[in-house]
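Taken verbatim from Swiss-Prot:
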| type | residues | note |
| --- | --- | --- |
| DISULFID | 3-23 | disulfide bond |
| DISULFID | 17-40 | disulfide bond |
| DISULFID | 42-53 | disulfide bond |
| DISULFID | 54-59 | disulfide bond |
């Protein structure tokens, strides 16, 4: 599985995720604006953090 791993609005980069079945994108807002984090897996998130998990290559941009 290949997942995007760039932060927020940086140039898209990807990572090969051995043994993973999901990519994720999570985002939240703070004093800097909207922060977006992407990567492999499907993590648990705190209340107030939005999470989208998906199962296709590069589906988390």
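A Cβ is built for glycine as well, from the same backbone N, Cα and C atoms used for every other residue.
Per-site Cβ counts within 10 Å over the disulfide-bonded residues 23, 42, 53 peak at 23. The disulfide-bonded residues near residue 53 (disulfide bond), taking a 10 angstroms Cα-Cα threshold over the set 3, 23, 40, 59, are 23, 40, 59. Here residue 54 (disulfide bond) comes close to 22, 23, 24, 60: these same-chain residues lie at least six apart in sequence, with C-beta atoms under 8 angstroms from its C-beta. Under the three-state DSSP scheme, residue 40 (disulfide bond) falls in the strand class.
Cα-Cα distance from residue 3 (disulfide bond) to residue 42 (disulfide bond): 11 Å (rounded to the nearest whole number).
There are 17 other CB atoms within 10 A of the CB of residue 59 (disulfide bond), with all protein chains counted. When the Cα atoms are compared, residue 59 (disulfide bond) and residue 17 (disulfide bond) turn out to be 13 Å apart. Proximity of residue 40 (disulfide bond) to non-local residues of its own chain (separation of 6 or more, Cβ distance below 8 Å) is seen for 1, 3, 5, 15, 17, 20, 22, 23, 24, given in sequence order.
For the disulfide-bonded residues listed here (3, 17), the lowest count of other CB atoms within 10 A around the CB belongs to 17.
In the three-state DSSP scheme, residue 59 (disulfide bond) falls into the coil class.
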